[in-house]
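Undergrad: First the structure, then my questions, so here it is.
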Amino acid sequence: MLYSSRGDPEGQPLLLSLLILAMWVVGSGQLHYSVPEEAKHGTFVGRIAQDLGLELAELVPRLFQLDSKGRGDLLEVNLQNGILFVNSRIDREELCGRSAECSIHLEVIVDRPLQVFHVDVEVKDINDNPPVFPATQKNLFIAESRPLDSRFPLEGASDADIGENALLTYRLSPNEYFFLDVPTSNQQVKPLGLVLRKLLDREETPELHLLLTATDGGKPELTGTVQLLITVLDNNDNAPVFDRTLYTVKLPENVSIGTLVIHPNASDLDEGLNGDIIYSFSSDVSPDIKSKFHMDPLSGAITVIGHMDFEESRAHKIPVEAVDKGFPPLAGHCTVLVEVVDVNDNAPQLTIKTLSVPVKEDAQLGTVIALISVTDLDADANGQVTCSLTPHVPFKLVSTYKNYYSLVLDRALDRESVSAYELVVTARDGGSPSLWATARVSVEVADVNDNAPAFAQPEYTVFVKENNPPGCHIFTVSARDADAQENALVSYSLVERRLGERSLWSYVSVHAESGKVYALQPLDHEELELLQFQVSARDAGVPPLGSNVTLQVFVLDENDNAPALLTPRMRGTDGAVSEMVLRSVGAGVVVGKVLAVDADSGYNAWLSYELQPETASASIPFRVGLYTGEISTTRALDETDAPRQRLLVLVKDHGEPALTATATVLVSLVESGQAPKSSSRASVGATGPEVTLVDVNVYLIIAICAVSSLLVLTLLLYTVLRCSAMPTEGECAPGKPTLVCSSAVGSWSYSQQRRQRVCSGEGPQKTDLMAFSPGLSPCAGSTERTGEPSASSDSSGKPRQPNPDWRYSASLRAGMHSSVHLEEAGILRAGPGGPDQQWPTVSSATPEPEAGEVSPPVGAGVNSNSWTFKYGPGNPKQSGPGELPDKFIIPGSPAIISIRQEPANSQIDKSDFITFGKKEETKKKKKKKKGNKTQEKKEKGNSTTDNSDQ
């Protein structure tokens with residue numbers, strides 16, 4: 001590597017340049033080659049290595065290079081054979097333009113030693129460019145008045161080639177008007193031109209299309225063309241000419257103003273202003289013509305501007321002229337003859353006199369609606385008139401006299417289908433062409449009250465939650481009346497039905513205009529489950545028409561009643577219940593029972609029992625049944641247990657939110673040999689438990705007798721009213737019997753509230769009531785019960801079947817098919833290992849049935865009145881001291897039914913069970929009265945004995 005004097009390589013390019021310059025002088029030489037333009041790639045140009053005296057083997061070692069000096073890679077050298085060839089397309093016109101000489105200058109540089117050779121490659125021209133005109137089309141405008149031999153210069157073509165290839169010759173397409181003037185070689189300044197050799201006529205030849213062709217002198221010849229479009233300009237050398245010299249037109253005498261008479265047409269062969277024509281009447285036209293006709297100056301249309309009368313003038317002769325706008329102007333003339341024709345120019349005239357408008361839709365057929373008269377001023381056939389009516393209408397025209405008609409009713413009317421008719425009466429004369437006139441008759445159809453209000457459906461079902469606010473909107477009834485005005489004005493009212501002492505108006509009301517139904521008082525599901533009534537819709541027509549719709553209002557239950565405790569509460573114990581238990585009892589022994597009832601339904605009435613946390617400790621040897629409320633021992637009692645146990649039992653329903661009640665049970669543990677001289681049930685202010693219980697039983701018996709008497713009187717009154725009522729005057733839809741019970745246990749009594757279904761509608765009344773006295777099995781029957789054992793005297797242990805005469809309420813009978821028994825042994829069973837909880841199962845009997853047990857519902861969808869009663873023998877276990885007698889509850893009402901366990905040899909008086917609503921009732925009254933007295937004595941003795949046992 002060479003370095004400069006400062007020791008860096010910056011001096012190397014300078015040194016290399018000096019060496020190249022030196023070798024240039026030593027090895028300079030020049031070669032000449034030629035190649036035609038547009039030669040293909042690889043075309044041989046020359047053996048450059050051989051011509052330069054270089055060996056083929058030294059081309060690569062000596063770094064043979066070819067420099068075209070900015071000409072690109074048009075030429076290239078094959079280093080294997082030293083041949084110079086064409087590498088890419090060579091276009092002479094692109095390289096040198098129109099220059100006569102065109103060469104490519106090359107430099108060949110070889111190294112070791114450095115030599116430079118000059119090579120000139122001449123590019124020879126070929127005829128590869130055709131002649132080209134400046135434009136493909138040339139427009140020439142020549143007036144038809146130009147004289148002969150007029151010359152019009154043209155622009156020639158150009159050829160990019162040179163020499164013979166650029167030598168052009170011209171020729172013109174054959175025609176009779178022009179020839180081509182081509183300058184000779186001595187007239188280079190004179191341009192190419194067209195020479196006119198025949199006069200032009202625009203009307204004959206408005207345009208000429210010529211083709212000018214240029215041909216070069218190359219081999220092969222190439223040509224170029226240009227279209228010559230020659231437009232001949234017009235001169236005013238033609239006058240306007242009409243199609244005809246005489247136009248004949250016929251017009252009726254009643255032609256209207258503005259009617260086009262004729263449109264004479266004139267044409268001018270000239271164009272532009274020379275061909276624009278102006279129409280007018282001739283100057284010698286009469287004033288009468290000018291008063292009746294008008295001619296448009298531009299279009300030449302003649303129109304009527306005055307009245308024409310055949311009797312006044314039968315023909316009008318109109319001279320017309322057409323003048324162009326050329327200079328000088330030229331004119332053409334014609335005549336228009338207008339003949340007036342007598343025609344039927346008077347149309348019929350209609351006169352209508354209406355008599356009965358509007359027409360009632362119940363009008364009789366043939367009713368005259370209007371009188372029509374027609375007139376025509378013409379004579380003969382032109383004055384003969386016929387009338388017609390709009391088709392497909394319930395009316396017709398009846399001819400009564402010449403040119404007189406009556407419009408009468410032809411078919412029955414229905415305003416609800418069509419409320420009005422627009423009739424068109426057409427009168428047509430016999431002229432040719434006939435003339436007609438029309439008149440409209442509006443016929444309104446008056447409404448009659450022939451449509452009753454109609455409801456969308458015959459019955460509606462509405463669900464309303466209980467405890468609604470008074471005046472609450474519960475539903476809206478709507479009836480549609482197809483009539484109009486007063487006949488369609490609907491008012492609503494309740495179909496009044498009295499339900500005992502209460503009227504339907506005390507429950508609901510309906511707005512007379514809007515049809516909105518309102519609850520007048522808070523509805524109570526426990527009192528009223530279904531309110532069925534009818535709403536009447538009546539229009540204001542004469543006579544008024546109406547229709548009824550049935551509304552079934554179901555009152556949905558809400559948890560608005562807390563559980564009510566039925567456990568007897570003695571005076572002096574602050575509402576607590578006292579029980580005595582022997583210390584010798586073992587585990588799983590029932591020592592007491594907490595009884596509660598919920599007036600709600602479904603889940604809202606499903607009760608569960610549990611001990612309060614403060615009393616449910618491990619040291620307390622008692623537990624309470626989750627669904628039975630029975631208090632039983634969890635283990636055997638011993639001396640370490642406190643002699644007095646205070647239990648707090650929480651009674652909770654399953655409503656949302658849940659409501660609760662708390663019962664306090666005081667359990668006293670006594671020894672087996674200890675006589676209960678005093679009891680926590682005793683009161684400080686009481687003279688003795690026996691006296692208190694006896695007094696209470698007396699009052700209870702009196703109350704039962706009073707209630708029974710009231711029921712008997714009610715039944716008798718109902719029977720009388722039913723027998724005297726019409727079969728169609730039912731106040732209640734067919735319903736199910738309602739169970740009414742009363743019972744006495746210990747020193748308290750409760751009676752079930754009466755659950756009603758208040759209905760108002762068609763159908764006979766039905767009120768089936770049933771009552772039974774305390775201490776009896778709830779089986780009904782008068783003669784069928786003979787020989788049936790009591791609930792406590794059944795020694796076989798099989799469940800006792802209810803008497804077929806037992807009649808359930810609607811909800812109770814519904815529960816017979818899907819009841820769930822929560823048995824004492826099926827819910828919680830105590831054992832040595834602690835309580836064993838089992839889920840309720842659907843069954844008809846349990847391993848340890850309890851006489852008179854009622855099964856509570858499992859789901860919220862089961863009504864509390866749908867529980868199934870079971871009757872069977874009592875629990876074989878003997879009741880412990882202080883244990884309450886077995887009972888069953890009817891959820892949904894505060895009623896409690898006691899099933900007393902009588903001795904095995906005791907006999908139940910069948911007459912103590914009374915069933916109301918039976919046909920045999922009147923035959924058994926005396927027998928039942930005796931049975932009631934005997935049973936009351938027995939009950940009084942049993943109650944005294946039971947109290948003393950406790």
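Yeah, the Cβs are placed from backbone N, Cα and C, and that goes for glycine too.
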Undergrad: From the list Asn548, Asn942, pick out the residue that Swiss-Prot labels N-linked glycosylation site.
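TA: With Swiss-Prot as the source, N-linked glycosylation site is noted for Asn548.
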Undergrad: May I ask you to name which of Asn254, Asn932 Swiss-Prot has annotated as N-linked glycosylation site?
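TA: Looking at Swiss-Prot, the N-linked glycosylation site feature maps to Asn254.
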Undergrad: For the domain 'Cadherin 4' (351-455), report the average pLDDT of the model, please.
TA: 89
Undergrad: May I have the DSSP-based helix, strand and coil counts for the residues of the domain 'Cadherin 5' (456-565)?
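TA: Within the domain 'Cadherin 5' (456-565) the tally stands at 7 helix, 55 strand, 48 coil.
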Undergrad: DSSP-wise, what's the residue breakdown of the domain 'Cadherin 2' (134-242) into helix, strand and coil?
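TA: For the domain 'Cadherin 2' (134-242), the helix, strand and coil counts are 4 helix, 47 strand, 58 coil.
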Undergrad: Count up the helix, strand and coil residues in the domain 'Cadherin 3' (243-350) according to DSSP, in that order.
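TA: The composition, in the requested order, is 9 helix, 46 strand, 53 coil.
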Undergrad: May I have the DSSP-based helix, strand and coil counts for the residues of the domain 'Cadherin 1' (30-133)?
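TA: Within the domain 'Cadherin 1' (30-133) the tally stands at 12 helix, 40 strand, 52 coil.
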